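What TrEMBL records for this protein:
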type     : residues : note
ACT_SITE : CYS27    : active site, phosphocysteine intermediate
DOMAIN   : 5-87     : domain 'PTS EIIB type-1'
DOMAIN   : 107-479  : domain 'PTS EIIC type-1'
DOMAIN   : 517-621  : domain 'PTS EIIA type-1'
REGION   : 473-502  : region 'Disordered'
TRANSMEM : 104-126  : transmembrane segment
TRANSMEM : 146-166  : transmembrane segment
TRANSMEM : 178-197  : transmembrane segment
TRANSMEM : 217-245  : transmembrane segment
TRANSMEM : 257-284  : transmembrane segment
TRANSMEM : 304-330  : transmembrane segment
TRANSMEM : 342-362  : transmembrane segment
TRANSMEM : 374-392  : transmembrane segment
TRANSMEM : 399-417  : transmembrane segment
TRANSMEM : 443-468  : transmembrane segment
Amino acid sequence: MRKYQQLAEEIVKTVGGSENVLDLTHCMTRLRFQLRDGSLPNDEVLKQMDGIVSVMRSGGQYQVVIGNHVSEVYSEVTQLTKVGEKPTAPITDKEIKKKKPFDAFIDVVSNLFQPILGILCAAGMLKGFNILFNAMGLYTADSGAYMIINAMGDALFMFLPVFLGYTSANKFKVQPFTGILIGLAMCYPAIQLNTLAATKEPLYTLFSGTIISSPVYLDVFGIPLIGMNYTSTVLPVIIVVYFASKVQRVLDKIIPSVIKFFIVPMLTVFISLTLGFLLIGPLANYGSELIAQGIFAVRDASPLVAGFLLASLWQILMVFGLHWGIIPVYINNITSLGFDNVLTMAFATTFSQMAITLAIILKTKDKNLKALGIPAAVSALFGITEPIVYGITLPRKKLFIMSCIVSGIAGGFYGFYNFREFTFGGLGIFEFMTMFDPENPGITNLMIGIIGVVFAMVASFVLTLFLFKDDKSKPSSDKTINVSSTPESKPELKSEKKHTMHSPMNGEVIPIKEVQDEAFSQELLGRGIAIKPVTGELFAPFDGKVVTLFPTKHAFGLVSDEGMEVLIHIGFNTVRLKGKYFETFVQEGDVVKQGQKLAEFNIAEIEREGYSVETPMIVTNTDSYLEIIETKGKQVNAGDVLLTGLI
């Protein structure tokens, strides 16, 4: 059997078989599949195979990160699939199994939250412990300590559109700072104040006398600006940035290059935000109002059904930002009636999500998932579920749907027994303190609340143990695949020696963990660094040899005379340009001297096509070194010391 034949067979089998492969290409480090049905590959099984570094889904492709021996594996896979060997006919939409809209939406939202999950958990815990310390009497809610810690924890949740503006911009290929500006504008205090506060008489009221009656305090050239509180919302900023990506692409094609630098972002922000404020706000406002009125109408007919509907839909409404229509009712009920029996029907949803997380922590073998789950569960204890929803349950759709159903049953129970809260209070466990009826002393109402929570937690916990599958706890196949990524044995390590790599380009230094491609940022291929070039020139980083030059001219494999093996990858997904905008001055096998020009590339044209030119540089034989030391500088010129390997 050929060296990589078994690995290739396992890859083809695990991506859904040869009949699921429409097209196959490869770049310097990974196989790039175009699949008929993207739901068939088993990511976790592939990740565990010897010879595979990782897998990822990007740009409509299923990518299997192999490393230096990708070309050999590619040859074996093409023999099995019969694609990739020759040009294929254009792939039509009919050939590709489209994801269901709900699945596609969930995948997008989950991916947008991935970069901020760590800080989201941290913020949630800060908020939770602040509430706890206040309840314990360590300080009061009007103290400086409370205000400062609350700002630390609450800032991310309040300005969530700013963070999502950035991650959405990266996802939809908009300039990142454009996405940040869109998020900031949507949270701008003056807009919130003037469109939401009823401190003055409205100019007029739209749809007066109907359930969607809307007072208008501002207009834009006669067009009503209907207010919406965008702080803490998710969907509005994603939609606006997505629209901005379409606007930016059109403007890039028609705006002259000499003024493109500032005119394109200016018009992109202006057009997309104008549409956002005039259209998205009103639609979200009407949507939340209609949902609220619908819940009230159902409640008048059947509190049990209303409780089931509200509680089962609550987490979904929060994701879409449509829950705001119910919050004012809760506040009004407490202040005017002395109790609320509407929003309280969704009380158990927090505990259902927490129980799911606890079950996953107990069952999973995935250390990263455990590390995410523990602080997320602590946050949920204090009523903060965003880390769980966006980091754990929403990406695992079955668990999210199960939680909605279980919460709905608990909500129906609350509705049937007229469960109420009588005062404003904390969230999570502190919400139990609001359930004592001042006019009818006793614990009946409190016990109703506890029973609903116990049911939601037990049901969610047990069902999660059955529904959650941790693929990492299973062997990837019946046979062990032993494929060495580097056939040479490691050199003897000696602490008194070092190997040096000089910068091959001029530009801004970026820590490798901050680049947008997981194969590089997670250091799956080795330690390294990245540069955002300011000039489109690439020079040899040391005296050595060109061992690999990819046909599309965007990636180089070099080895120094001292033995340091380096991968230089100009941009991300630039393999799709097929060599366009790149020119090389060396060939595979050439001996080069430090500072010798290897290639030129057109930064402006590459970025105009929608690709980043951030260039990761990876020491692929990292294991041969005791340590890889990166430069401390923020800017480098070609020839500056960039990386030092200690041996």
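Our numbering is plain: 1 for the first residue shown, then up by one each step along the chain.
Yeah, the Cβs are placed from backbone N, Cα and C, and that goes for glycine too.
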Proximal but sequence-remote residues of the same chain as CYS27 (active site, phosphocysteine intermediate) (Cβ under 8 Å, at least 6 apart): VAL70, PHE550, THR552, HIS554, ALA555, VAL575
Recorded stretches the transmembrane segment (342-362) and the transmembrane segment (146-166) touching, at least 3 CB pairs under 8 Å: no
Per-state residue totals over the domain 'PTS EIIA type-1' (517-621) - DSSP helix, strand, coil: 14 helix, 41 strand, 50 coil
Confidence summary for the domain 'PTS EIIB type-1' (5-87), mean pLDDT rounded: 80
